[in-house]
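Below: the structure, in structure tokens.
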Amino acid sequence: MSDSKKPTPEKSKYPVNLLDTPFPMRGDLPKREPLWVKQWQDKQLYKKIRAARKGAKKFILHDGPPYANGDLHIGHAVNKILKDMVIKARGLTGLDAVYVPGWDCHGMPIEIQIEKQFGKGLPVKEVQEKARAYATGQIARQKADFERLGVLGDWADPYLTMNFRNEADEVRALGKILEKGYVFRGLKPVNWCFDCGSALAEAEVEYADRTDLSIDVGFPFADIDALASAFHVGADVLKAKPGWIVIWTTTPWTIPSNQALNLHPEIEYALVDTSRGLLIVAKERVEACLQSWKLEGTVLATCEGAALNGVRFHHPLAKMDAGYDRTSPVYLGDYVTIDTGTGIVHSAPAYGVEDFQSCKAHNMPDSEIINPVMGNGVYASTLPLFGGQMIWDANPKIVEVLRESGNLFDAHKYAHSYMHCWRHKTPIIYRATSQWFAGMDVQPNDGNATLRETALAGIDATAFYPSWGKQRLHNMIANRPDWTLSRQRQWGVPMAFFVHKETGALHPRTPELLEQVAQRIEKSGIEAWQTLDPRELLGDEADMYEKNRDTLDVWFDSGTTHWHVIRGSHAADLYDASADLPDGRLADLYLEGSDQHRGWFHSSLLTASMLYGKPPYKGLLTHGFTVDGEGRKMSKSIGNTIAPQEIANKMGAEIIRLWVASTDYSGELAISDEILKRVVEGYRRIRNTLRFLLANLTDYDHAKHALPTEQWLEIDRYAVALTDALQKEVLSHYDVYEFHPVVAKLQTFCSEDLGGFYLDVLKDRLYTTAPDSVARRSAQNALYHITQAMLHWMAPFLSFTAEEAWQVFAHGTEHTDTIFTSTYYNAPVPQGASALLEKWAAIRNVRGEVTKQLEALRIDGKIGSSLQAEVTVSAGESVHDALASLGDDLRFVLITSAAKLERAPEGGDLLITVVPSTHSKCERCWHYRADVGHDHAHPTLCKRCTDNLFGSGEQRSAA
């Protein structure tokens, strides 16, 4: 029958097989989904799935913990849904797919919340207690929202980095890497946020545009004889005029701390005579610099930077205050460039990594490094001229003093990309502080490879999805500085060291003491370190040592979850001894946003490399960020954010899930109201297809009605062969964590293969043949296998809908309770499947051409439905033979009342002729047939319908 209005059986004395199903047309997702969530919670579905997979090989997706603060945003939803789809897709293969969700609980954002609620100045122990309570409340809210999205996991026992066992094991991990020789203390410039009052991890730094003062500053000549020798000029030439070596900087606030100048050894530098005096700049920058300073000049001499090594120049503020009466030597550095500026870099070792490395390479002791900027961004009161001022406020004042000194050549505003704290969105600096580090290039005590070498080798042994992630992470590890492990915070796991008050050395029994502290933390949390009296562990030595007050970087918290979760708190579920084999890994997959190449992926790799000498994961999957329909980043200030809770309440979580699954996560994920409307339309097509399948299986019992494949009609064999071929593609996509091709192919299958062809052809047979006929049962056999396969394909992403349909479909089977304890369904593949696929592809091409002709006739008003038409097809040999094999069933495939087939002349094209039928319409099947009224007892029926209702039934062979 055509896909137009169906006859209503109750009004006809000639009924058709129109069945109903409890699976409704409308999903009513916002109302029904919470009921499913409640049902899954009540029946402990995750545990039930795990029990069904007992003894199977485990698949471990280790959860990168979200931070326990604030409401979920759409990025959280993307991440958790992707993880859920991976777990479900793997579980349906029969693996024991384990997912223990977790939360990152320590750190500055929660400290800030406690400060907002209770004010500053609370005792540390009280801050920790209140932070713990706050995080617990935040976790409860987020957990409910994650479950609402249909995400299955061990929500009853998630891992929390603030659980006592996890905190204790983190201290133990610190002890391990200390024993191995990776940890050291030193003065180094680190990313420093004034608002946090602490060092920042690399992953806590973001870049934003900022306008600063850019200045060109002259350092007056001091070592005339050395300069004369370098440039091969007479000393009298240099004494005849004032002279400067000129630097360019965008950080005027660092000038008071200048201690050296950096030149490239191989760049040529020019001595230039100008009306203002003698100047030294890179030869290639002379023209640009003179133009900028509105000077004319002549190059007197040149020399390579190497010739100026060690030459000294006066500090530009020396004339303004005796506190700056010092000279700055030239040090050579390969990092100096001549793209901008003067080709000379001023070096303040306390405030730049390369500056620091350069000065340390020239044996500058820590005690001589000038470091007047305090942790809050204010100069120490002892700094001449600028003491007590905030560095940003001091910038213009420094410029004025330099101008007054006669050493300023230029000052103007300069827009550039600059480091900011990701939490406070405020500018940060490099600041030399005494910190604890994990050394990237330190030789460990066992004499094996350095941390950098081990981590880079681990990257090569890791699978990346998408593949470009490998090079990205490689570059980050290859170029990163030592890891600053210490933080100056309160709500964090302590670096529980006892440090000698005079020498700063660690207690010689530190590994043993760390274990004793860990045992206390395991009983009562990190608060135990605050209340611990050193005498309890050190006895009479206590007066010689003090407790280290630093806490561990929160990236060490989450970066060691492979140690304190997989091997620790949740080892019973997550740990497999095979992970300890040389090629073994603790987790099959880590899955996070692309920012985690410098975050969790990064810290986890470093900690595992130190602890085990290899990565903790077999594979890394990276997804992009969410943007709006115009490609803009989600931002509250723009007003383009979309809350997942609102979508779930308005459209259903299933729509979010389908959106995530249908989007290529390797790039940006665009979302908008318009995009979601299209997702809803796609969902309806899938749901309507399911409803049709389930309705037409209402009176089908596979145990009673299954037929051997050789008894199926040919088109049914084709449909199942097509389903099997598609399943192979679907599973191959799932195997490499690809979801959007699965959705695209499922939608094509529903709309084109099923709705646009097979089901359209099938309706006549399903509705009009005898209920228990082979023709109808053959169709139902095919529908049964198609439905079962299809429900499993969609279960990873359309979890609510698949489960709802499964309750209808699988009633009375061993897996009635849930689809998720079953596995992907392998339908019986008919013999000669590949030949069937090829043959029916040709038949469908012909049908497509016939449909075009029918549509043209319909537009002309000559027919209404396609059943009002009769068609003649003239085809070449191979196509003719394929069509001829269908016999009279060809008309059912073309959905016309009659179909005639002719053989085209050799080499002739496909020719289709369509004409309106001149016959009467059968009341029951709506076909226009010459035999309507052949039986006077049933004048409105065709012969086929009288046979199906009152006789032995029609015979079908192909369709």
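Please read every residue number as a count from 1 along the shown chain.
Including glycine, each Cβ sits where the backbone N, Cα and C put it.
Note that the structure is a prediction, hence the values are computed from the model and not measured.
Of the given residue ranges 66-76, 209-219, 352-362, 682-692, Swiss-Prot assigns the label motif ''HIGH' region' to 66-76. Long-range contacts of the motif ''KMSKS' region' (633-637) within its own chain (CB-CB distance under 8 A, at least 6 residues past either end) are made by residues 73-75, 625-627. In this structure the alpha carbons, written CA, of GLU592 (L-isoleucyl-5'-AMP binding site) and LYS636 (ATP binding site) are 23 Å apart. Residues of the motif ''KMSKS' region' (633-637) grouped by DSSP class, helix first, strand second and coil last, total 0 helix, 1 strand, 4 coil.
Using the Cβ center of CYS922, CYS925, CYS942, CYS945 for Zn(2+), the list of other same-chain residues with Cβ within 8 Å runs, in sequence order, THR768, GLU923, ARG924, TRP926, HIS927, ARG929, VAL932, LEU941, LYS943, ARG944, THR946. Reported as a whole number, the C-alpha separation between CYS922 (Zn(2+) binding site) and LYS636 (ATP binding site) equals 63 Å.
Mean model confidence of the motif ''HIGH' region' (66-76) amounts to 94 (pLDDT, 0 to 100 scale). Non-local neighbourhood of CYS945 (Zn(2+) binding site): TYR14, THR768, CYS922, ARG924, CYS925, HIS938, each in the same chain, at least six residues away, with C-beta under 8 Å from its C-beta.
Per-class residue totals from DSSP over the motif ''HIGH' region' (66-76), listed helix then strand then coil: 3 helix, 1 strand, 7 coil.
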